[in-house]
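I have placed the structure first, in the form of structure tokens, so that the comments after it can refer back to it.
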Amino acid sequence: MLFQVNNNGLVSFLREVSQFTPVAFPIAGDRRVVAPFWADVDNRLAGSVFYRESQDPSILRRASGDVRTYFTEFPDFNATWVLISTWHQVTFFGGNSQTPVNTFQVVLITDEEFSFTIFQYNNITWTTGRHATSGGNLVGLGGIAAQAGFNAGDGQRYFNIPSSRTADVVSVEETTNVGYPGRWVFRIDDANVEVGGCNSASVCPHLRPCLNGGQCIDDCITGNPSFTCSCLAGFTGRWCQINVNECASNPCQNSGSCKDQINGFICKCPTGYTGTHCQT
């Protein structure tokens, strides 16, 4: 399997992803990625990125057990290969050895027919690098925040973890789709893209609370059924009811004026300047 573990918080297939300012899924152009926390990581200043492929029997047994738990339609699943990638106490571009750090992990699991991924979060404290295109502040907040989820590269199969590219993604370790805060689980093989399901009471089929095309996910918290909404690009909020203001990060340079669009913006440039950001 050809893959790249990128220091900017994602694993890509076929080719690396050097872009450090995240964009909302879906993205086409054969960009196949699993992104636990796509953001402007700079591990030259603090933290490390580790990964390992494994066929160790104990690891395969544990991974197989997780899949069977979260996807009960696969009671006989037996993993043959696992990739574990960890971003440990990494800081952001423009930070230093004293600025906030994040720790998160992605696990890829396959039996060579079906494939799954687990995202795990611990101690998320920053969301944004300080590059001009990202707009983060001195403690790594504000601007264009991290993107988390899965993108198949065909423009159709994708999933945005709720709060992606918004300030609320700093609290992703408190969210879940499998009843365990800080853990998200997906099926990601060619046949389908699915989210780990509940075996108990569910809210989504009955209330259908998510607006503007958002996908409803039951949180599977025993005794307290609840939900989160995975919003389409350009929307945020508990029910995907808020149009994200892409002008909030002041993307227009050289005194250009910004007009917000759905999942985008338009810069009106002063005389003598041109370009998407009035940068030329």
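From the backbone N, Cα and C atoms, a Cβ is placed for every residue, glycine too.
Residues or ranges marked as domain 'NIDO' by TrEMBL: 36-191.
According to TrEMBL, the feature domain 'EGF-like' maps to 200-241 (among others). Per-residue confidence over the domain 'EGF-like' (200-241) averages out at a pLDDT of 69.
The disulfide bond annotation in TrEMBL covers CYS231-CYS240 (among others). Sequence-distant contacts (6 or more apart, same chain, Cβ under 8 Å) of CYS240 (disulfide bond) comprise CYS210, LEU211, ASN212, GLY213, GLY214, CYS229, CYS231, LEU232.
Per TrEMBL, domain 'EGF-like' is recorded for 243-279 (among others). Remote same-chain partners of the domain 'EGF-like' (243-279), defined as residues 6 or more beyond its termini with a Cβ less than 8 Å from a stretch Cβ, comprise 24, 132-135, 142-144, 165-166, 232-236.
According to TrEMBL, the feature disulfide bond maps to CYS269-CYS278 (among others). Of all Cβ atoms in the shown protein chains, 20 besides its own fall within 10 Å of the Cβ of CYS278 (disulfide bond).
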Study note, to complete from the structure: Checked against DSSP, the composition of the domain 'EGF-like' (243-279) is 0 helix, 11 strand, 26 coil
Check your understanding: Per residue, counting other C-beta atoms within 10 angstroms of the C-beta, which of the disulfide-bonded residues CYS231, CYS269 reaches the highest number?
Key -> CYS231
